[in-house]
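Taken from TrEMBL as is:
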- A:43-62: transmembrane segment (TRANSMEM)
- A:74-95: transmembrane segment (TRANSMEM)
- A:100-118: transmembrane segment (TRANSMEM)
- A:124-146: transmembrane segment (TRANSMEM)
- A:153-173: transmembrane segment (TRANSMEM)
- A:193-217: transmembrane segment (TRANSMEM)
- A:238-256: transmembrane segment (TRANSMEM)
- A:262-280: transmembrane segment (TRANSMEM)
- A:311-332: transmembrane segment (TRANSMEM)
- A:344-362: transmembrane segment (TRANSMEM)
- A:369-386: transmembrane segment (TRANSMEM)
- A:392-410: transmembrane segment (TRANSMEM)
Ligand SMILES: Nc1ncnc2c1ncn2[C@@H]1O[C@H](COP(=O)(O)OP(=O)(O)OP(=O)(O)O)[C@@H](O)[C@H]1O
Ligand SMILES: [Mg+2]
């Protein structure tokens with residue numbers, strides 16, 4: 001992004017400093033910029049993409065069925081529930097904090113939805129709204145205790161982890177399981193609901209829209225930057241990025257079409273990711289989240305209401321926890337006592353970190369939720385195919401999480417030593 | 001000096017002006033009746049300082065950091081605030097900026113008493129501050145730091161292009177070379193970071209700019225640029241509070257020097273007509289040493 005340094009003619013004499021990061025035009029420039037970033041510890045999504053390829057290759061070598069369309073459909077479908085929890089966690093991690101309550105809140109939200117709609121016959125959409133609102137309010141309460149009273153977030157949400165789990169068990173009562181009818185949001189998030197009813201065109205339409213959106217927004221931005229005489233992305237780079245996305249999008253569409261099409265819950269997940277990415281990168285609210293994650297005191301002095309940011313971020317986390325709870329209960333067609341399985345929490349945190357969001361705050365993308373869940377769900381699916389027990393799955397996922405955290409810490413150290421943290 | 005009829009204003013020396021003012025007698029009761037015409041009289045008043053501290057005190061736990069501090073800054077005036085390490089200069093700045101609310105005393109803004117409890121309050125009044133510790137977000141790039149808290153928007157979303165354009169213009173006027181305005185400030189040198197912090201105070205439309213040791217990390221050329229900048233701010237009619245340990249810089253740009261010693265005022269001196277020794281003596285408290293005490297004792301004895 002740092003070509004065309006010559007943009008505005010400065011008032012003072014300004015010979016080009018030989019140390020400036022002037023990128024050569026075109027492709028070789030792109031490569032050298034890329035190398036510089038890697039050396040500086042700005043790894044981005046690279047480790048996770050390499051990891052994903054390694055994982056897929058390893059499982060494909062040990063089981064021919066791993067690379068089948070039905071398996072990818074399975075991965076795409078089952079990653080959405082915990083992935084939704086993970087979206088909320090990315091917001092919290094960007095602040096440099098943690099939310100341990102998302103698993104319990106998701107279970108509670110499913111229980112509230114089930115009790116309201118099944119036991120009390122409340123309108124489905126009303127029950128949905130009640131469940132989601134409960135999640136947001138719970139999150140806001142956590143945020144309030146943390147931001148206004150000053151209890152460490154770790155402790156507040158640990159209390160929530162226990163407390164909301166208890167409330168869920170109490171709501172579900174003795175039977176412990178409430179089966180959900182296949183209607184409303186539960187149907188949309190369930191396993192029988194596909195985009196455009198699984199029509200082959202559906203997947204390609206989604207892929208086409210995504211690729212076109214990237215291409216046109218990049219070109220539009222390039223044009224605005226060019227006319228404002230500030231550095232802009234060279235066309236070659238835009239084309240490269242668009243081609244990479246097109247291969248990924250149309251490839252996925254092709255594979256999913258070989259089976260049943262794009263599950264509707266995946267469409268919702270992608271929509272949520274796009275919206276959150278927009279909020280984080282393009283709005284001043286998102287900018288404030290990054291600022292608070294980077295330097296709390298500087299943010300406060302810049303006039304940012306730190307407490308409001310914290311409370312709202314925890315509310316967002318609670319909302320996505322509740323939404324994820326509904327998705328998870330839709331995939332198992334019931335709300336049960338396993339709804340607040342602590343493993344869901346662990347997987348959601350792992351996904352965000354594996355996907356490249358830093359535990360140290362101020363650095364990350366919501367797309368981590370997608371990339372991280374792809375890794376975790378691939379491991380789960382692969383081990384399931386190999387007939388390995390849950391115990392092995394947990395050990396391996398734990399190992400992957402550790403690896404991700406090590407990569408995060410090491411890249412932070414490299415960034416520090418090369419002055420980028 | 002006579003009123004200048006051409007410009008319609010009144011050129012007068014010093015920080016005062018001619019204004020139409022309601023006489024005191026008219027204000028007290030008589031003019032409150034709606035049918036009474038208020039008679040205005042032309043008077044010469046010393047314009048109220050844009051910012052004034054009256055008896056400001058601040059303590060941190062057991063430490064009384066500021067005691068009854070007085071400070072005035074007029075529009076178009078550069079006040080240097082000097083004092084030894086730990087004298088309380090930065091704390092004073094932070095009370096004005098709303099980082100630490102004052103315990104006692106009054107802050108006046110354009111003659112009105114105001115309460116500054118949060119950084120937002122100071123920002124809304126028009127106080128821009130460059131902190132000694134710079135207060136930058138290391139993970140954000142230069143542009144984002146410059147516009148933090150007052151981002152430019154276009155159709156409700158961040159207008160990165162305009163912000164970047166203006167950031168580059170602003171930085172080039174400060175003659176600083178920065179590899180790119182799109183790299184995190186963590187990767188800048190100390191002086192580059194300092195210039196970013198200074199540039200940041202110029203965004204928005206401040207009336208008072210406070211610079212806490214702005215040139216501490218700067219090279220010769222950049223220091224000169226910052227001092228030029230201070231003079232430009234004065235010409236634009238802004239009030240400037242400049243904290244510096246460098247007496248040469250202070251004498252070059254300041255109109256008045258306010259000395260703080262152990263959290264208390266220790267004199268305010270006009271720069272012209274005051275020797276450097278006098279100021280340094282006030283800073284170090286040399287006026288209060290064994291020699292001066294003996295002198296004052298003998299002076300008393302001879303009375
Ligand atoms: N947040 C705080 N809590 C407690 N004491 C503080 C705090 N901030 C400053 N102090 C104390 O207040 C006194 C004045 O500090 P201050 O930073 O205002 O000095 P200064 O005049 O800016 O010094 P320097 O020239 O070194 O920057 C010091 O004794 C310091 O220990
Ligand atoms: Mg200081």
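Even glycines carry a Cβ here, placed using N, Cα and C.
These figures come from a predicted structure and were not determined experimentally.
With pairs at least 6 apart in sequence, the transmembrane segment (A:262-280) and the transmembrane segment (A:193-217) have 3 or more Cβ pairs within the 8 Å limit; the two touch. Among the stretches A:124-146, A:262-280, A:344-362, the one making the largest number of Cβ pairs under 8 Å with the transmembrane segment (A:74-95) is A:344-362. Sequence-distant contacts of the transmembrane segment (A:262-280) (same chain, six or more residues past either end, CB-CB distance under 8 Å): 73, 76-77, 79-81, 83-84, 87, 90-91, 94, 188-191, 193-195, 198, 202-203, 206, 210, 253, 256, 286, 289-290, 320, 323, 327, 330-331, 365-367, 369-370. The recorded stretches the transmembrane segment (A:392-410) and the transmembrane segment (A:153-173) do not share 3+ CB pairs below 8 A when only pairs 6 or more apart in sequence are counted, and are therefore not in contact. If one looks beyond the transmembrane segment (A:369-386) by at least 6 residues along the same chain, the residues whose Cβ comes under 8 Å of a Cβ in the stretch are 45, 48-49, 51-52, 55-56, 58-59, 62-63, 65-66, 71, 74-75, 78-80, 82-84, 86-87, 89-90, 269-270, 273, 347, 350-356, 392-393, 396-397, 400, 404. Counted over residue pairs separated by six or more positions, the transmembrane segment (A:311-332) shares at least 3 Cβ pairs under 8 angstroms with the transmembrane segment (A:100-118), which defines the two as touching.
The stretch in closest packing with the transmembrane segment (A:100-118), judged by the count of Cβ pairs under 8 Å and taken from A:43-62, A:124-146, A:153-173, A:238-256, is A:153-173.
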